[in-house]
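Encoded as structure tokens, here's the structure I'll be asking about.
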């Protein structure tokens, strides 16, 4: 039994006479009960017929009609009410001009099975799902036309009809689809689910419905590089908000043209929200870049820190791809020691997402079979937690150990001079070695502390604590005067760096784990 208020009677009559399907009639009559939309199309049609013929069905106490009674209904009424009738029968089904068949053809078991097969074949680990629908932009134009007509009908009887009162097509469709798909998958629909099933509809036959808006509201339709069409749903909705009602009626009168074809499903996409894995890595090789070193398509070094970590994670989470980020980076010939450098990996579209602490620890052990890197504190974290790694980037400190050569003999007083320097401010221009990939800039950096250790007459070790972002190699040799002051200028000699180790990255993230 449909619960339609009496004030919507004329709206229902006008829409039905225009060939609108019974479920779209419910939408424009502001029926907000999902159960009504889930009824078979034939039953909705019958109830609407009874409503228009005999009065408000809420006042009727009849039992549901038999199949024979339905068949014997007045055939003249069925010409208007039969949009959803007997899809497999001899009767020609009229395609709804408002939903373009979405609430007719695409709520049937055959389509549900098609979606189920798509999800099942992707082999995701699921606990719930959310359905998203992408609709052709021209549906907004057709709905606007129907709303103006419905509002006019309501106005004749002293009633108003706001556009927001109408049940949105997406909402009605989900009311019907969710329980059917839930039954097939054996899991519940949840609007907050991390697993999304996206159904993309198009309707080439009516693509031209939107075109008149471009002449009326030109500022709404500006071409962009990444969009194939300027007639996006957002642009169309914006134009519909601007256009005057009388201008719209002239350009797009009611009822909209009856389509000869239903919408097409061009894609059914499955996607799981990213999972973030964080940890710290040590790098022990002086011939290993942080990320793949590929120039003009040619790999320069066999592997990288990124690959040695992510290869295992991508395989375990069965993700489609990933994004690697870290708290700074070291050069290919620089080691990272101590507790390591914090990193985070965004695993995109993972198919497996449930891991125990022991399974993550086993993954860490697998990564650590490499003799080039080691990982610690490996853990799954939230997207929000990853932001902590980048917070206060300029205020972070890092500690280094550098093996330095100088041209003149190492004197004790020279080492003491360096030992006594604290909070030394230096000016650094973008180093020549990275100028090809970074813009020219001049920046101020602070060397907080320095401590020296004599090695031999031309070598010593320099232990530094610096502001993050300091170029240590350039601070030693001066980069042809682009870093001032530098170790060479302070000691009044030529200086160069032979080895560099990162001893600590002072970021209290991710949380330490008991390994």
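Note that Cβ sites are derived from N, Cα and C of the backbone, with glycine treated the same way.
It should be emphasised that the depicted structure is a prediction, and the values quoted were computed from it without experimental measurement.
Quick paste of what Swiss-Prot says about this protein:
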ACT_SITE  331  active site, nucleophile
BINDING   21, 24, 96, 99  Zn(2+) binding site
COILED    42-85  coiled coil
REGION    55-82  region 'Disordered'
REGION    291-304  region 'RNA binding forefinger loop'
REGION    428-443  region 'RNA binding thumb loop'
Round to a whole number and give the Cα-to-Cα distance in Å for the pair residue 99 (Zn(2+) binding site) and residue 331 (active site, nucleophile).
58
What are the DSSP helix/strand/coil residue counts across the region 'RNA binding thumb loop' (428-443)?
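The region 'RNA binding thumb loop' (428-443) comes out at 3 helix, 4 strand, 9 coil.
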Pull the DSSP breakdown for the region 'RNA binding forefinger loop' (291-304) and write it out as helix, strand, coil residue counts.
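The counts are 0 helix, 4 strand, 10 coil.
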I'm trying to understand the geometry here, so how far is the Cα atom of residue 331 (active site, nucleophile) from the Cα atom of residue 96 (Zn(2+) binding site), in Å to the nearest whole number?
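Here the two Cα atoms are 63 Å apart.
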In terms of DSSP three-state secondary structure, what is the assignment for residue 24 (Zn(2+) binding site)?
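Residue 24 (Zn(2+) binding site) sits in a helix per DSSP.
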Taking the Cβ of residue 24 (Zn(2+) binding site) as centre, how many other Cβ atoms lie within 10 Å?
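Its Cβ shell of radius 10 Å holds 27 other Cβ atoms.
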Average the per-residue pLDDT over the region 'RNA binding thumb loop' (428-443) and send me the rounded value.
92
If you run the three-state DSSP split on the residue listed as 'active site, nucleophile', which class comes out?
coil
